[in-house]
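Listed in Swiss-Prot:
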type	residues	note
ACT_SITE	E179	active site, proton acceptor
BINDING	D43, S44, D82, K112	3-methyl-2-oxobutanoate binding site
BINDING	D43, D82, E114	Mg(2+) binding site
Amino acid sequence: MKTVSQLIDMKQKQTKISMVTAYDFPSAKQVEAAGIDMILVGDSLGMTVLGYESIVQVTLADMIHHGRAVRRGAPNTFVVVDMPIGAVGISMTQDLNHALKLYQETNANAIKAEGAHITPFIEKATAIGIPVVAHLGLTPQSVGVMGYKLQGATKEAAEQLILDAKNVEQAGAVALVLEAIPNDLAEEISKHLTIPVIGIGAGKGTDGQVLVYHDMLNYGVEHKAKFVKQFADFSVGVDGLKQYDQEVKSGAFPSEEYTYKKKIMNEVNNND
């Protein structure tokens with residue numbers, strides 16, 4: 001299992017870090033088998049696997065449930081679990097209680113929290129031994145305000161992002177996710193920080209990349225962002241399901257190959 005120190009060492013050696021967002025036991029098992037460095041259990045699970053209209057409906061209990069499943073599937077991978085909307089920002093005491101519950105009950109390596117405004121939370125969580133990954137740029141929990149659009153696209157916004165990135169590192173963040181920002185800005189931020197910077201829609205100048213399992217494998221998703229590359233096509237599973245339906249209806253399945261050979265009814269009838 002990678003440690004924070006090893007991830008920082010990868011950055012220093014300019015070895016790119018791979019991260020995949022996964023939500024359950026079988027996907028986590030595949031991600032670990034592939035040798036991916038990190039797994040993010042994102043609150044995007046609300047839409048991707050729970051069918052919610054947005055991440056607003058995702059609860060702390062949801063994140064714990066899925067975080068546990070991912071840890072069971074990937075016991076030797078660095079796992080980061082999202083703090084869902086509403087878990088940070090109520091009061092420092094409640095925020096830390098939520099963070100501790102999530103961290104302890106999922107056995108994650110770190111939790112992730114969004115936004116530049118959570119710097120005090122990062123400081124306090126770090127002080128009590130909870131590693132925090134920060135998330136800047138496009139923060140999904142704020143799309144109701146910001147919308148799904150490129151962030152840091154003006155001089156002022158870019159300068160603010162650079163400042164915010166430095167602040168979350170100074171507060172104690174162990175890594176930073178940058179989403180949907182210009183490539184050159186992401187590269188500049190990565191150069192200025194000592195912690196690993198993982199990009200999603202932020203170009204190749206970051207220390208690593210993260211994509212969602214379902215997006216990159218075309219598994220049950222209808223709309224993919226510009227920055228998503230498809231590496232395999234799991235949608236072919238529909239063809240298998242159609243064939244199954246046809247064979248059940250025609251009687252072709254189950255054939256003798258998939259049937260137990262043991263005969264029992266003669267014995268049953270002989271007892272009558």
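Going from the start of the chain as shown, residues are counted 1 onward.
Including glycine, each Cβ sits where the backbone N, Cα and C put it.
Secondary structure at E114 (Mg(2+) binding site), taken from DSSP and collapsed to helix, strand or coil, is strand. Its own atom aside, the Cβ of the residue listed as 'active site, proton acceptor' has 22 Cβ atoms within 10 angstroms in the protein chains shown. Compute the center of the Cβ atoms of D43, S44, D82, K112, which mark the site for 3-methyl-2-oxobutanoate; besides them, the chain residues with Cβ within 8 Å of that center are T21, L40, V41, G42, L45, I55, V58, M63, V81, M83, P84, P140. Of all Cβ atoms in the protein chains displayed, 30 besides its own lie within 10 Å of the Cβ of D43 (3-methyl-2-oxobutanoate binding site). For E179 (active site, proton acceptor), the nearest neighbour among the binding-site residues D43, D82, E114, judged by Cα separation, is E114. D43 (3-methyl-2-oxobutanoate binding site) sits 11 Å from E114 (Mg(2+) binding site), counting Cα to Cα. Across the structure, E114 (Mg(2+) binding site) and D82 (3-methyl-2-oxobutanoate binding site) place their CA atoms 9 angstrom apart.
The Cβ neighbour count for D82 (3-methyl-2-oxobutanoate binding site), using a 10 Å radius over every protein chain in view, is 29. Around S44 (3-methyl-2-oxobutanoate binding site), the C-beta neighbours below 8 angstroms that are at least 6 residues distant in the chain are T21, I55, P140, V212.
A C-beta separation below 8 Å, combined with a sequence spacing of at least six in one chain, links K112 (3-methyl-2-oxobutanoate binding site) to L40, G42, V80, V81, D82, M83, V132, V133, A134, H135, V177.
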